[in-house]
Amino acid sequence: MDLERLKDIPLFLVRDQPFMSTFLLVLGALSVARIVYQTLSVLLQIFVLPGKNVKQFGANRGAWAVVTGASDGIGKEFAFQLAKAGFNVLLVARNKVLLQATASDIAKKYPGVSTETHSIDFAKGDEAAYQGLAMVLNDRDIGVLVNNVGKSHAMPAYLVDTPKEEMIDIVAINVNATLRVTYAVLPGMVERKRGLILNIGSFAGGLPSPMLATYSGTKAFLATFTSALAEEVKSHNIIVEHVNTYFVVSKLSKIRKSSALIPQPGPYVRSVLSKIGLACGAGYSGRPGTSTPYWSHALLDYAMTLIGLPSVFISYTHGLHKSIRKRALKKQEREAKRQ
Ligand SMILES: NC(=O)c1ccc[n+]([C@@H]2O[C@H](COP(=O)([O-])OP(=O)(O)OC[C@H]3O[C@@H](n4cnc5c(N)ncnc54)[C@H](OP(=O)(O)O)[C@@H]3O)[C@@H](O)[C@H]2O)c1
């Protein structure tokens, strides 16, 4: 500001009206205090406070954990860590061989737990297949459900350039599978008055992501669905949590090397299971039922909440995705020439 113009500030407001100056001072102090309080509470949740113990959902008492997309990546890690906690595990995905291999690795490592597998292709949305899965789920004491299965775009693309099948599959897998599996599992949890449902979401759900519009929209669905359902069932002692996730090393992310911001599935899943019921980085984001538990994802989420300005982040993401698409198309061209 031009120093000369400071003279124009109506100083009489401060000098002649002590009430006004005190009011402004208190308002400023309250705003600073609020930010300090929020930041301390977020840091405490991320680094100090323990979440609810996952074992309270029936571990070592015969309860099952059901994990969708359990043959690889994050889902496979959930299956291992829930078995370690003392749950029997039901692994759900398409590839029977991978499912069996994962189940027998779990059985070898944790001989005290039972494992079962169920093969289903959620992209097909086949009614008979869903009924088959419901029969496997019914009459089983399910303590934990991890709606982990997910599909993203093969590469960033504008909606008009997105293959129709890809668009349809993403909705079938990310939205319909979560709804149908939850719908099959929930009545039993209500009856037993105990349950934990984790819906694995993405930053792309909170921050609209151009060129991944379908994926982004389906992950936003998970956040809203979780908030609504969590309120519906909390009186039945059931926790429903939307787990907000930045990048994790996996086939889906196409990232092979971990870093501070991009963990391996192991530490990522450990953070989820150790922070149940704590919002961590999603605190104060206006998304009840959402948790961002992994420490660096949590700090990023909280920083984005503090900064605000979503349109700046959306535009940045758009630019990033344009360049990722360019590189992906070039790689495709090179590979086509090689063949
Ligand atoms: N990795 C990340 O950076 C990241 C970031 C944000 C959110 N997430 C979310 O985390 C979740 C897990 O992702 P991930 O990275 O672990 O993925 P991933 O490594 O690609 O694993 C996906 C799992 O889902 C199964 N699956 C895929 N399509 C299926 C279908 N049509 N029907 C049944 N099962 C199917 C796969 O097994 P089969 O091939 O045998 O079926 C596999 O077990 C997803 O919801 C994803 O959106 C991941």
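Just so it is clear, glycine is given a Cβ too, placed from its N, Cα and C backbone atoms.
TrEMBL labels come from automatic prediction, so no person has curated them.
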> Can you check which of 56-75, 196-215, 236-255 TrEMBL lists as transmembrane segment?
Replying inline: 196-215
> Pick from 126-149, 294-317: which range has transmembrane segment per TrEMBL?
Replying inline: 294-317
>> Say we define neighbours as other CB atoms within 10 Å of the CB. Which of the recorded positions Ser202, Tyr215 has the fewest?
In response: Tyr215
> Measuring Cα to Cα, how many angstrom lie between Ser202 (substrate binding site) and Tyr215 (active site, proton acceptor)?
Replying inline: 9
